[in-house]
Each structure stands twice: as C-alpha cells, then as structure tokens.
Amino acid sequence: MKNAIRIFKRDMKNIFTNVIATTIVIGLMIVPSLYSLVNIKACWDPYASESTSNIKIAVVNGDKGTTFHDQEINVGNKIIDNLKENDKIGWTFVDKEIAKDGLIKEKYYAMIEIPEDFSSDVISVTEKKVVKPKLIYTVNEKKNAIAPKITDSGVKTLKQQVSENVTKTISGIIIRVCNDIGVDIENNRPELRRIVDAVYELDENMPEIESILDASIEGTVNGSKLNDDLESLIPSISDTLDATDIFIDNMKENLDTIEGNLSDDSVVVKENLVESERLLDNLSIELNNIDENIIPEVYKKSLLTGADVTSASIESVQELKSNLKSMKKFINKLSKIELPKPSYDEETQTSEEIEKLKSEYKKQTQVLKDLQKNLKDTSNTIDNVINRLDFIEDKLDILSNRIDADLDDIENGKKLDTQSLTDTRKVVDEMHTLLSDLIDSYDSEIVNGVSKTFDEANNVIDNVSYVLNQSRDTLPDLEDLTNTLRNVLNLSNDELMKVKDKFSDMKADLHKMADKLREYDDDDKLDEILDIITNGYEDQSNFLANAVELEDNRLFPWPNYGSTVTPFYTVLCLWVGGLLLASLLSTDAKDFDDGTEIKPYERYFGRLFLYLFIGVFQALVATGGALVLLKSYCLHPIMVLFYSVFVSFVFITIIYTATSLFRNVGKVIAIVLLVLQVAGSGGNFPIEVAPKFFRTLFPFLPFTYAIGGMRQIMAGIVYEILIKDIIILLIFAIVSIILGATLKKFINDKINYFTKRLGESGIVGH
C-alpha cells in the first residue's frame, strides 16, 4: 500500500501544479451537483396552488334547477360559487361549445359539465325512483403526461364539494319537512287542550244541566233564563273535531319521520367512530416510531398530531353520547305513558258491547306493559354504552393532558421522558382496543336497539291513538246533545222526555271519557305525550348527517415535493459524478521515474484514492447545495452530509472497479447500471407499480439502498432500515474492492488485446 499512497501524492501534486488540471478537477467537483440542484428546483412544488392554478379546466353549468316544496333549488349554481373560491385549479367558466372547442385545440386540459337535470336528480332521493346525479368529466390526455393526473385530483376535490352540497340540500329538505310537522302539531296543541278542558267543564256541569232539563219538563223554569244557563254551561266543541283528527295523524307521521332520520344517521355515527379508531391507530404507529434520541422538533410534530387526533376523538365520543342521551330521554318518556282502566256502571257490565270493550282495553294494557318493559331493557343497554363512552372519554382526557405536559416540556427545553412516552403509547393502545370493541358491538347493541325502540314506540302510539279515537268518537254525540239542549225551549213535553232518556246515557258516557282523560292529565301525562310528539324532532336533530372532514395524518412528512425528490436526484448526481471521473480521468497510474515496481493492486488503490478524494467534494457540494441553496427539508443535516460522502465512496468504488478492470467496457457497464437504476430503484414512483422486470432487479441495485438511507436521515430515521441500507451498500463496496484488487492484472491481461484493437480504430481515446 506504500506505493499506492505514493501514487496518490504524486497525482495531487500534479493537480495543484497544473492550472488546467486544477480547473478540470474543480469542474468535476461542481458539475454533478448542477444536475441535481437544477432538477430539484425545477420540480420544487409543482402541486402548489400557485402552480396548479395555471392549469385550465373548462366548467360548463347546464343545470336548470328544480323546485321542492315551493323552494327553488339549483345545486349547479352552488357548485360554481364554490369553484370561484377555489384557486387550486384554473377553473374557467364558459359555455359548452367554447369548452369543447378549447379542449380539442388544447386551450384547456380538461372539461367538466354539470348536466341540466343535475338538481332534479339530487332531489330524486325524496321520490320513489332515485337517479344518481353525475358530472361529465372529459380530459385531453394528449397534451401532457402529468397534467391529467393533476386535473383528476382537481375533479376529486370538486366531487367532494358537490357531495357536501348534495348533503346540505337533502338535509335542508328533511329539516324543513320536520319543522312543518312540528309547527302543525304545535299549532294544534291549544285546540287539543281546549278539547280536554271542554270535556271536563261539560262533565262538571252535567248535574246542573240535568236539573234544568227536569225543570223544563215540569214547566217551572223561565225560558230566557234556561237559554242563558245552557249557553254558560255547555262549551262549544264543534270546531275541535277536525283538530282531533289532525293531531292523531300527525302524531304517527312525526314518529315515522324521526325513525327514518335516526335510521339514516346511525350509519354516519358509526363512520365517525370508525374514523376515530383509524386516527388512534395512526397515532399509535407514529408513537411507536419515536425513541428517546429523536430531536425535539420531530417529537413535537408527533405530539401536535396526537393532540389533534385526541381532540377529534373526544368530539366524536361526546357527539355519540349526546345522541344516545337524547334517545334515552325519548325512551323514558314513552315508558311513562299509561293506558287508563275503563270504569263502567254496575248496571251495564253485562252488556255484550261493554264486555267486548273491556276485554280490548285489558288486552291493550298488557301489550303496552310488555312494550314498555322492552323499552326499559333498551334504555339499560344505552346506559351501558354511555358508561363505556364515559370511560373512553376519561382515557382521552388523560392522553390529552399527557400530550400537553410533553409539549410544555419541549417548549421548556427538557429532554424526552422515556417513561412518559411508554405510558402514552399504553393509553393510546388501550383506547384503540376500547373503541374497536365498541364498533364491533355497534350494529348489534345500538342500531338494532334503535330499530326495536321505534317498533315499540309505534305500538305505544297506536295504543294511545286508540284511547284518543274513543274520545273522538264520543264527541259527535256530545255535539248533538248540546245542539238539542240549546233548542230545548222549542221542544214539546214528549220530545223533552226523549231527550231526558238519551241524556242519562250520554251523561254516563261523558263521565267515563272525562275520567279517562283525567288519568292521562294526572302528573302531566297528557302534556308529556304532546311533548314527545312536538319535541321529538328537536331531541333527535343531532342525528342529522354532517359532512365528514378528512384529517390528514402523515408519518415522516415532507413539506414540499422538492424535498421529497432530493434523495433521488442527489444519489443520481453522485453516480453521474463517478461516470464523469471515469470518462475524464485515467484508471491506470504511470510507473515511477525511479523505476520502482508497482504491483497491480497498488495501481488499483493508488488511482482509486484520487477518485474518492474528488468524490468527497462532489458529495459535499451536491448535498450542501440542496440544504443551503434550496433549503431542502432535512432532520439530520450533518448526518446526511456524512452519508452522502459514504454513498459517493460506494458508487465511485463500483464505477472505478468496472472501468479499471474492463476499461471502456466497464464504462458501458456503469452506464447500463445507471439506466436500470433510474427506472428500477423506486426513486420517483413506488416500485410496486413498475413492471415485473424492474421489481425483480430492485433488491440488487445500489440506488435502492442509497436513496432509502438518505430518505431515512432527511425525513425521520427508522434505525433498523437505515442500518440495513448501510450494510448492503458496504457489501457492494467491499465486493468491488476485492474484485478490483485481486483480478486487475488477470482481467487487464485478457482485455489488453481488445483495448489495443479498439484504440487502433482511432475513435476511442483511452
């Protein structure tokens, strides 16, 4: 090795004493970096809004709109308004003919058309035949290879905005219908109250009315006084019969509407839970990739991500708890409704009609009790779920406090506490398990429970409706009676006797109906029934679907595209630098002037040292330029400088060995390797999308491990991966050195004839 070092010293002396040689060597140190720096800068952030906004997409709005419940709806106009506020793509609003012409003549990259029946199709969800609304997207793929991918991304954004508009439109329709139902019921509520009060008043006045009737028969009452007394004692109820019918119908319709909303919204609630589980899973992965040696800024980013995840999870859990509590309140109100037991006079108990009515009441009372027992079971299930959610929320609060404490420690310059990190991981994993269990039982315990609850609630309302219908059926007879009483002065004595006979039966029926209503009116039971129907929509309004916001959680994030491609272009330029050295510098060292014999391996190492010396500066200039001039993102700048020098050492060793052994053939081998590695190392695209040939080559290419290791150092180290990359690169270098040192003389002797004949051609210099 003594002569190898002597060769290197001689080469260095010749370089520094020859201006031309010095200039060439300096050029060899700088030129490769230009290749990487220019390419990195050119694609620094091509997907930023200021870049993609120059890509023109024609937008044609042909939507004619539609009308629903006297409300004008035009979803197409809403889409256009949203796009005007979106500067990520160069949206251009034109008519259809201009758009088609511009697309063909390459004025626009793509075209989006909103059909004329778009709003009508959106509203079709409220009809029997549902037509899925669609946007027509046409792209000119001839103009550019990458632009269609960017326009596709813009269209996906548009599709998301359209979906949000559709959701808002349909939700608005549902809310409006529900409000209309609620208003109708609320408006009828005073009438219903008046029916009840009128029945009470009439029942209380029946004895006095009967005495007046008796006095009329006996002829001992003053006609004028009788008329005044009847008017004061008999309340007017003729205008309340229609209100009773409306009330009963709306009561059932409102419950059906609530049930439909809850059924649809249960899917959204589950999606929120699944999203929370996914966020916790991402947080767990990110925390597991952190160790006590990581720099504070990286850990701080992970903590901030964790804080966002925790906050979103808490909101999701609290929303579900609120919905379940509203559902429980609804169930508890239904559970308190009771059907009154009918009371009859002893004289009428043998009547076949009365016995049948009593039997029906008894049957309905038992059915109601069974239904209410099932409602209580459902309420207990909801209590269990709420308790589980309380436990999860407590754990989330603990995690949130722990993250806040760690963030404070980082702000105060304290070192990462390993035990705190371990505890945080444990809490996250525990929460993930709890939430996963809740999701697994969601359909069986909650969704089925909600469905069962409304089946039973419908039966409860049917029973209540039966009682109200009985009251309603009695009211026409009461109306006839009151009209008869008002005309009592015009009746003959025989007619008065007939009224007297009918009056006794009506008095008994009215008293029974009043007793039933009083039982409902006790403890505000009737008001509770009305509250359930009137306020049911408000209690369940939290179940209305909201647009889901995607929370982007990234592990080892790059701030821009230029930083992302820095490892690839830096590694590429280091290989190109080695090729330049092989093209301009000789691989054979001349003999010493004093005639000292130089062994083949000494010739190999002597010139290799010069290659490596220049390679060190190539690596430092290329990597330093990316960090300093371009401000490429890097978590470990010092480490990446050393690593790039190491990569340059490996690449130059491989290229130099091939050239030293095989001369010009070796240069061709190095160029072929360059071509294969650019396509097969996964530098710009995932190797999984490459053809099978390149996927097979992938693990055998030096670029694979050079790029992978540089990404680890720049974006976030996973030491297991980094160490593997370094070891494999070392193997490439060691194998190259062994082959070069041991086979140089043997292979050179074999290839000298080939080289001599090639030189005689006059087309190759060396």
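Here the Cβ of each residue, glycine as well, is placed from N, Cα and C on the backbone.
Heads up, TrEMBL stuff is auto-annotated, nobody curated it.
Annotated coiled coil per TrEMBL: 344-402, in sequence order.
As annotated by TrEMBL, domain 'ABC-2 type transporter transmembrane' applies to 21-163 (among others).
Taken from TrEMBL, the feature domain 'ABC-2 type transporter transmembrane' applies to 560-741 (among others).
What TrEMBL records for 15-35 (among others) is transmembrane segment.
Summarising the annotation, TrEMBL assigns transmembrane segment to 568-587 (among others). Within the chain carrying the transmembrane segment (568-587), a Cβ under 8 angstroms from the stretch's Cβ atoms is held by residues 24, 28, 31-33, 35-36, 39-40, 607, 610-611, 614-615, 618-619, 622-623, 626, 644, 647-648, 651-652, 654-656, 659-660, 663, 666-667, 670-671, 674, 677-678, 681, 683-684, 703, 706-707, 710, 766, all 6 or more beyond its ends.
Within its own chain, the transmembrane segment (608-629) is flanked in space by residues 4-5, 7-8, 11-12, 25, 28-30, 32-33, 36-37, 40, 566, 570, 573-574, 577-578, 581, 585, 637, 640-641, 644-645, 647-649, 651-653, 656, 660, 740, which lie at least six positions past its ends and keep a Cβ under 8 Å from the stretch. Annotated transmembrane segment per TrEMBL: 608-629 (among others), in sequence order.
Per TrEMBL, the feature transmembrane segment maps to 635-656 (among others).
Residues 565, 567-568, 571-572, 575-576, 578-579, 582, 654-655, 658-659, 662, 693-695, 697-698, 701-704, 707 of the same chain sit 6 or more residues outside the transmembrane segment (668-687) yet have a Cβ under 8 Å from a Cβ within it. The transmembrane segment annotation in TrEMBL covers 668-687 (among others).
The transmembrane segment annotation in TrEMBL covers 693-710 (among others). Cβ atoms under 8 Å from those of the transmembrane segment (693-710) belong to residues 566-568, 570-572, 574-575, 640, 643-644, 647, 650-651, 654, 673, 676-683, 687, 721-722, 724-726, 728-729, 732 of the same chain, restricted to positions at least 6 beyond its ends.
Among the features that TrEMBL reports, transmembrane segment is placed at 722-743 (among others).
Restricting the average to the coiled coil (344-402) gives a pLDDT of 66. Within the chain, the transmembrane segment (15-35) has long-range Cβ neighbours (under 8 A, six or more residues past its boundaries) at 569, 572-574, 576-577, 580-581, 584-585, 614, 617-618, 621-622, 625.
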